[in-house]
Amino acid sequence: MATSMGLLLLLLLLLTQPGAGTGADTEAVVCVGTACYTAHSGKLSAAEAQNHCNQNGGNLATVKSKEEAQHVQRVLAQLLRREAALTARMSKFWIGLQREKGKCLDPSLPLKGFSWVGGGEDTPYSNWHKELRNSCISKRCVSLLLDLSQPLLPSRLPKWSEGPCGSPGSPGSNIEGFVCKFSFKGMCRPLALGGPGQVTYTTPFQTTSSSLEAVPFASAANVACGEGDKDETQSHYFLCKEKAPDVFDWGSSGPLCVSPKYGCNFNNGGCHQDCFEGGDGSFLCGCRPGFRLLDDLVTCASRNPCSSSPCRGGATCVLGPHGKNYTCRCPQGYQLDSSQLDCVDVDECQDSPCAQECVNTPGGFRCECWVGYEPGGPGEGACQDVDECALGRSPCAQGCTNTDGSFHCSCEEGYVLAGEDGTQCQDVDECVGPGGPLCDSLCFNTQGSFHCGCLPGWVLAPNGVSCTMGPVSLGPPSGPPDEEDKGEKEGSTVPRAATASPTRGPEGTPKATPTTSRPSLSSDAPITSAPLKMLAPSGSPGVWREPSIHHATAASGPQEPAGGDSSVATQNNDGTDGQKLLLFYILGTVVAILLLLALALGLLVYRKRRAKREEKKEKKPQNAADSYSWVPERAESRAMENQYSPTPGTDC
């Protein structure tokens, strides 16, 4: 007996040692089922709060069901009754729901991508305060939001609020504390006192209390009997132990602190149900019909072992033979865990029951098809290919080819695939291809094709690509050429050294650029669509006409000139003379234009100089002498005569 008492005292000393994380004190505790919840006040970050719970053997609290949310609300209500009035009207208390840095929001899940720090399976229960922000760049933590201006009612459970997790010294806005959770194998009933006394429980998570509804396994109880007189005080020490599977008690027999002075009048003698007094002041505990007295001689238990609901979660209690024992049974899709009291989900997808994709769900599973497949109908396979190229469904601009589980797009000749998803078609500009223009002279790009053309005085060869010198006439043709002229025109050839090879400019217009002539394309030149209608060169040489444009066609080979050798020589001489005559007319026209320009320029210079002289003359400054003029000079004798000659008829 002394050895047992020594071990109990040693256990009490170990349990009462102060733990790490003393930045917050346990203010309230609620134990129910197989878990205890503790509420703490203190402005700590989420990491500091988790460290405090963890060093005492627990984690920040989980809230996986409405029932568990009510337990957490009860312990917070106890804390608020003991705590002084908080300054903030809206207060927050950390719980164990967090999302790590780099993990993004998932709106399709009840927990939105968050997870419980204590582990375990996610449940569909959630109680978010508002829509969450999609942020992946920092760690986010969840707290319970309490409106202290309103009473805590079971119908108004605390909302979940997510935000930054805080740091030491800066826990976050309105953070007032946190809630811890500690899980146990089972619970003992509170010790019953049959007389005056006090019981103090010390839990494994270093909480002391005298008013626990259930006492967790491995807790110690210190019972002090008496009414306060030290001479009459007696102490008893007990430990909550597991007597049998899922059976926990203190190992005591009968009520504690019993006194003949009170009998059954004090706390019903400490009996669970009935108390029967003897004639000498003693009493005994009894049970009602359908119940039996347990070994502690105080507690009553139903004769039906399932009446105490030993099975947890979704497990159902099933009586054994003669009703003396029981087993727990799980619904379909679940199986018993290692304790044989609770149920866990069966992962049916491990057996690969689906043709393609299997998604495990609580209590079951569902089959899904890969992208590009859809569920088949009756009599068809589980998943069948989706024909993306079907009428009205094709995503391609032109050609669409369906494949098993996918598709690919194609374009007609003259187009290439374009767009981010490769479903659009873009025209190929053959006139600016990497190999240079396909035409010898002018090139015109069209949607899906191109056309070739020639400068005035040149005609498109039968291959639709090269240009040959056209016939030259001194005057406009009087009528359509006869068959012989046509033959000569088609058969004439002109050797080319360095000619102007026009190509398409950046605006899509033909642009002539000097290039070295090259031989005409062979008979395997590309064949293009219908030619663009344009006027053939006609009229006097040296005058610009609309280029002769034809579409490139396949030529059967080099054409033989009609007639014999003499015909070929004649045609060559005619072509040379025509070319010289054309050059003569061009040079003459250029010289005439230059002479006219020189004459106009000389006339313009002359008129400008004359205008300047007149303007200078008009602006010449005047002086005083300009107002006088010289008198005509007379002979001196004539003047003397006029002055001294006597007047006629006088002596003077």
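Cβ atoms here come from the backbone N, Cα and C positions, even for glycine.
The signal peptide annotation in Swiss-Prot covers 1-21.
Here Swiss-Prot flags 32-174 as domain 'C-type lectin'.
Sequence-distant neighbours of Cys264 (disulfide bond): residues of the same chain at least 6 apart with a C-beta under 8 Å from its C-beta are Cys271, Cys275, Phe276, Glu277, Phe283. The disulfide bond annotation in Swiss-Prot covers Cys264-Cys275 (among others) and rests on similarity to another entry.
Secondary structure at Cys285 (disulfide bond), as computed by DSSP, is strand. Remark: Cys285 (disulfide bond) has Gly254, Pro255, Gly269, Gly270, Cys271, His272, Gln273, Asp274, Cys275, Phe276, Leu293, Leu297, Val298, Cys300 as non-local neighbours, by Cβ distance under 8 Å and separation of at least 6 in sequence. Annotated disulfide bond per Swiss-Prot: Cys271-Cys285 (among others), in sequence order.
If you look up Swiss-Prot, you'll see Cys287-Cys300 (among others) marked as disulfide bond, on the strength of similarity to another entry. Counting only same-chain residues at least 6 apart in sequence, those with a Cβ under 8 Å from the Cβ of Cys287 (disulfide bond) are His272, Gln273, Asp274, Leu293, Cys300.
Around the Cβ of Cys317 (disulfide bond), the same chain contributes Pro305, Cys306, Ser309, Pro310, Cys311, Tyr326, Thr327, Cys328, Arg329, each under 8 angstroms and 6 or more positions distant in sequence. Marked as disulfide bond by Swiss-Prot on the basis of sequence analysis: Cys306-Cys317 (among others).
Residues or ranges marked as N-linked glycosylation site in Swiss-Prot (evidence: sequence analysis): Asn325. For the recorded site, Asn325 (N-linked glycosylation site), the DSSP three-state label reads coil. Cβ-based neighbour count (10 Å, all protein chains) for Asn325 (N-linked glycosylation site) stands at 11.
Among the features that Swiss-Prot reports, disulfide bond is placed at Cys330-Cys343 (among others). Its Cβ taken as reference, Cys343 (disulfide bond) is surrounded by 21 other Cβ atoms within 10 Å in the chains shown. For the recorded site, Cys343 (disulfide bond), the DSSP three-state label reads strand.
The disulfide bond annotation in Swiss-Prot covers Cys349-Cys358 (among others), and the record cites sequence analysis as its basis. Same-chain residues at least 6 positions away in sequence with a Cβ under 8 Å from that of Cys349 (disulfide bond) are, in sequence order, Cys358, Val359, Asn360, Phe365.
The disulfide bond annotation in Swiss-Prot covers Cys354-Cys367 (among others) and is backed by sequence analysis. The Cβ of Cys367 (disulfide bond) lies under 8 Å from the Cβ of Pro353, Cys354, Ala355, Gln356, Glu357, Cys358, Val359, Ala382, each on the same chain and at least six residues away in sequence.
Cys369 (disulfide bond) falls outside any helix or strand according to DSSP and counts as coil. Positions annotated as disulfide bond by Swiss-Prot, on the basis of similarity to another entry: Cys369-Cys383 (among others).
Positions annotated as domain 'EGF-like 4' by Swiss-Prot, on the basis of sequence analysis: 385-426. Counting only same-chain residues 6+ beyond the ends of the domain 'EGF-like 4' (385-426), those with a CB under 8 A from a CB of the stretch are 370-374, 447-449.
Residues annotated as disulfide bond in Swiss-Prot: Cys389-Cys400 (among others). Sequence-distant contacts (6 or more apart, same chain, Cβ under 8 Å) of Cys400 (disulfide bond) comprise Glu388, Cys389, Ser394, Phe407, His408, Cys409, Ser410.
The disulfide bond annotation in Swiss-Prot covers Cys411-Cys425 (among others). Sequence-distant contacts of Cys425 (disulfide bond), defined as residues of its own chain at least six apart whose C-beta falls under 8 angstroms from its C-beta, comprise Ala397, Gln398, Cys409, Cys411, Glu412, Tyr415, Val416, Leu417, Ala418.
Counting every protein chain shown, the Cβ of Cys431 (disulfide bond) has 22 other Cβ atoms within 10 Å. Residues annotated as disulfide bond in Swiss-Prot, with similarity to another entry given as evidence: Cys431-Cys443 (among others).
Annotation comment: Swiss-Prot describes Cys439-Cys452 (among others) as disulfide bond, evidence class similarity to another entry. Mapped onto three states, the DSSP output places Cys439 (disulfide bond) in coil. Residue density at Cys439 (disulfide bond): 28 other Cβ atoms are found within 10 A of its Cβ, drawing on all protein chains shown.
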Report, in whole Å, the straight Cα-to-Cα distance of Asn325 (N-linked glycosylation site) from Cys431 (disulfide bond).
93
With helix taken as DSSP H, G or I, strand as E or B and everything else coil, how many residues of the domain 'C-type lectin' (32-174) land in each class?
27 helix, 39 strand, 77 coil
Cβ-Cβ distance under 8 Å to Cys383 (disulfide bond), same chain, at least six residues away:
Ala355, Gln356, Cys369, Trp370, Tyr373, Glu374, Pro375, Gly376
Using C-alpha atoms, which one of the recorded positions Asn325, Cys343, Cys452 comes nearest to Cys443 (disulfide bond)?
Cys452
Using a 10 Å radius around each Cβ and all protein chains in view, which of these disulfide-bonded residues has the most neighbours: Cys275, Cys369, Cys389, Cys452?
Cys452
Just the number: how many Å between the Cα atoms of Cys343 (disulfide bond) and Cys452 (disulfide bond)?
82
Indicate the candidate from Cys271, Cys330, Cys358, Cys443 with the smallest number of other Cβ atoms within 10 Å of its Cβ, considering only these disulfide-bonded residues.
Cys358
